[in-house]
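The structure appears right after this line, and notes come after that.
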Amino acid sequence: MTPSNFRAGADIATPNRTKDIIRKHGFTFKKSLGQNFLIDKNILDKIVAAAELSPAKGALEIGPGIGALTERLAEEAGRVAAVEIDTRLIPILRDVMAERDNVNIVHGDVLKTDLHRLWKEQFASCEQVSVVANLPYYVTTPIIMKLLEEGLPIESIVVMVQKEVAERMAAKPGGKDYGTLSIAVQYYCEPQLVCIVPSGSFIPAPNVDSAVIKLKRRGEPAVAVRNEAAFFKVVHAAFAQRRKTLQNNLSQLAGKERKQELGALLESCGIKPERRGETLTLQEYATLTEALLEAGILS
Ligand code: SAM
């Protein structure tokens, strides 16, 4: 088989073509890099449809693997930048994408990549940019947090993640799935579950089910806070030990000697001190943060 057999127009996301490419390049999967490649064309269609791309838009892919999703993004978006950490995959991707002049393969660890610079270099001509990826599961949360917190002009994030992580991102207050990740995601974005993906849609098959989730970036955060760092400090403190009451968990911010004052302050916000962090809405966290700042417990 010649390299051109693998180029533009060839559908990579089938078990046979994926196996051909892997065999041709003598590629072996690295579990430590979360390498589970998609071989299900229907799922790729759903991911790409959810991203609502167009020739005026750009797509940032994290972890292109051998390019199954990259190829589809290149068909829909005006510009694609794909950041891949695994050196062994770079020549394969360059081969597979050789005839795509709107794709740039970037070799690197996305967590160490200067994304603001990448944006300027790759997406200057794009009206909007979305992140679209089948994420490596071992670093899903740090990648999502980096995308949310760096203030990048992202339209939406459409990602394949572990089903359990998607459930945590979309969770409402009151259940065990609701936590710091739910609050961070929902502060910046509106989450929307796209589909559940069985493990048989990948090679090798992961041990868990997966899900595609779309995080549509809000124009303004879900709640108004004057000090975001303080807001997230309160959220993290409230979940420090899930079984503990809010009053006990927040004592670490206030100091033990101010525990009673903290109880009264919680009551003044309409929040019972014996409630658990997992029951508070984003608005309640915002109100509480404001009160803690006013009382000088936080600065
Ligand atoms: N997009 C391909 C697909 O859907 O078939 C591959 C997805 S696979 C789940 C995750 C990919 O992310 C792998 O290619 C892996 O090498 C890459 N990867 C892992 N950690 C990374 C990191 N920190 N930065 C960039 N890429 C990473």
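Just so you know, the numbers here start at 1 and follow the chain as drawn.
Keep in mind that glycine also has a Cβ here, set from the backbone N, Cα and C atoms.
Curation does not apply to TrEMBL; its annotations are automatic.
Record check, TrEMBL: S-adenosyl-L-methionine site residues include N36, L38, G63, E84, D109, and the candidate from N134, N207, N227 also listed there is N134. Cβ neighbours of N36 (S-adenosyl-L-methionine binding site) (same chain, under 8 Å, six or more residues apart in sequence): F29, N134, Y137, F202, I203, P204, A205, P206. Taking each of the binding-site residues E84, D109 in turn and counting other Cβ atoms within 10 Å of its Cβ gives the largest count for E84. Of the residues the record lists as binding S-adenosyl-L-methionine, namely N36, L38, G63, E84, D109, N134, the two whose Cα atoms sit farthest apart are 20 Å from each other.
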